[in-house]
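All remarks here apply to the structure that follows.
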There are 2 protein chains.
Amino acid sequence: MSVTDELLANNAAYAETFDGPLPLPPSRRLAVVACMDARLNVYAILGLKEGEAHVIRNAGGVVTSDEIRSLAISQRLLGTREIILIHHTDCGMLTFTDDGFKDAVRKDTGIRPPWAAEAFSDLDDDVRQSIARIKADPFVPHKDAIRGFVFDVATGKLNETV
Amino acid sequence: MSVTDELLANNAAYAETFDGPLPLPPSRRLAVVACMDARLNVYAILGLKEGEAHVIRNAGGVVTSDEIRSLAISQRLLGTREIILIHHTDCGMLTFTDDGFKDAVRKDTGIRPPWAAEAFSDLDDDVRQSIARIKADPFVPHKDAIRGFVFDVATGKLNETV
């Protein structure tokens, strides 16, 4: 039995007590951009309920053109206005460099990835860069309420980047 | 008081009962790619616990180069082997076209986005395309266990795309 099959059994239990369809636009008018890290249960960390916020996640919680696409759709078509960015301690992105990762992939596949790996060496500094990338972008219209945090995987706390 | 401030109060409560740091690699060796939709509480839908799976999310739950980057890092550096893709009923991506969205952005900003909006008109068909994009990519090494689903926002059930 695969992990996927086990999780489908969990889904059957979830559906048994599921409470009807909610509206499409996020009721809190918020979009969260967070790392894909398995320890970040974003709904639990922020006390979010279903239907309240868009949740965008990727390796590092960084902002590339795909996060800009998601944020532009979130704000322009579905009415969100605030953005929360979440990086976290003990992040995998701190353990390698773009060149090192891309050299290893080339050695394995014969092809160097054309995309940046987006590794970083300082969490708060990369949160600041992620905010700067959104602020510099012409397609995300609402930039007055963007705040960035580092989640501490040891304590469960969000510490704001200043 | 902003929504962000309210959620930070929730985080303080979360941290009070938080139970220590878990290991970095996902214990279930799974990566999930899902839509950013607010109604998709991925941990709850799949019965995932903290530390078990990478969760990658974007507008539509589509696969672009940034999801390939995240999946490549997930499999190559952090040992995941299975992939679950989740689209969902009543998705915002069904309500517009790439051209329509990009024309509207150009009208507002003077600039047509250089990225695809990734709108789609058929959920199962786009799940299949997302799987095909992963299978066609040279940088994601493990492709034997990829399954795709449409989450029903009315019933809470995952229905597998075949």
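Cβ coordinates are placed from backbone N, Cα and C, and glycine is handled just like the others.
As annotated by TrEMBL, Zn(2+) binding site applies to B:Cys35, B:Asp37, B:His88, B:Cys91. In sequence order, B:Cys35, B:Asp37, B:Gly60, B:Leu123 are the residues near B:Cys91 (Zn(2+) binding site), counting only same-chain partners six or more apart with C-beta under 8 A.
Long-range Cβ contacts of B:His88 (Zn(2+) binding site) within its own chain (separation 6+, distance under 8 Å): B:Cys35, B:Asp37, B:Arg39, B:Leu40, B:Gly61, B:Leu123, B:Val150, B:Phe151, B:Asp152, B:Val153.
The subset of binding-site residues B:Cys35, B:Asp37, B:His88 lying near chain A, with Cβ atoms under 8 Å apart, consists of B:Asp37. According to its DSSP assignment, B:Cys91 (Zn(2+) binding site) is coil.
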